[in-house]
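According to Swiss-Prot, the features are:
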ACT_SITE  Cys182  active site, acyl-thioester intermediate
BINDING   Arg71, Gly72, Gly73, Gln74, Tyr75, Thr76, Tyr77, His78, Ala151, Ile152, Gly153, Gly164, Leu165, Ser166  substrate binding site
DOMAIN    32-218  domain 'BPL/LPL catalytic'
SITE      Lys148  site 'Lowers pKa of active site Cys'
Amino acid sequence: MSAVEWSILPGLSPYRETLEAMENRVAAIRAGEAAEAIWLLEHPPLYTAGTSARPEDLVEPERFPVHVAGRGGQYTYHGPGQRVAYVMLDLDRRGRDVRRFVTALEDWVIATLAEFNVRGERREGRVGVWVVRPDRPAGLDGSPREDKIAAIGVKLRRWVSFHGLSINVEPNLTHFEGIVPCGIREHGVTSLVDLGLPVTMQDLDAALLRTFPQHFPD
């Protein structure tokens, strides 16, 4: 099976049930019983802890439910207005190179943002995608402010990927204040709407679909 099956889930998907369904799909892909898949969805407000999460980075543990995700990375927030893309691809077929896979995810996000004339950038030592904010006050050292617009955290099981990425369309950015996102204190978070772009979830989904084959060819 080579065609990637796309699903756009309506409403807010409960985290635990979605994680269980994702694990079942990964097992089916590994067994050759199901096609690779990408699920586009939103979660209710919650925090997830990756395998590198530090307790001190959970600033407000009572604010929202906290889930141990099992993916790489640290703490992140999911909630309404944020598009989560769960990416279940067979790297045994596509190439057993985890770093290349994460780079391809970043490139996919960067290409998607470019569809809206947003320049997303990667930073050494900071997984995810960032935007420079010349409209905001510079840092204490005079460097321009940079805000995170997309987070990436993945896990592999027998070379099938799961978890994936999240892109901020129009979430409540104050909800990120309950954590230190991805363990990075010196930078903020932003969204497409925060950047002044009236982008809808449907607009973003269409851009994700258009740009995907450039970075993950069959």
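Glycine too: its Cβ is placed from the backbone N, Cα and C atoms.
Quantities reported herein were computed from a predicted structural model and do not represent experimental measurements.
Shown here: features listed in Swiss-Prot, placed on the structure.
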residue : record                               : CB count, 10 Å
Arg71   : substrate binding site               : 21
Gly73   : substrate binding site               : 23
Tyr75   : substrate binding site               : 25
Tyr77   : substrate binding site               : 25
Lys148  : site 'Lowers pKa of active site Cys' : 23
Ala151  : substrate binding site               : 27
Gly153  : substrate binding site               : 24
Leu165  : substrate binding site               : 24
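Taking the Cα atom of each, Leu165 (substrate binding site) and Lys148 (site 'Lowers pKa of active site Cys') are about 12 angstrom apart. Across the domain 'BPL/LPL catalytic' (32-218), the prediction's mean pLDDT works out to 92. Across the structure, Lys148 (site 'Lowers pKa of active site Cys') and Tyr77 (substrate binding site) are spaced 12 Å apart at their Cα atoms. DSSP assigns Arg71 (substrate binding site) to coil in the three-state reduction, placing it in neither a helix nor a strand.
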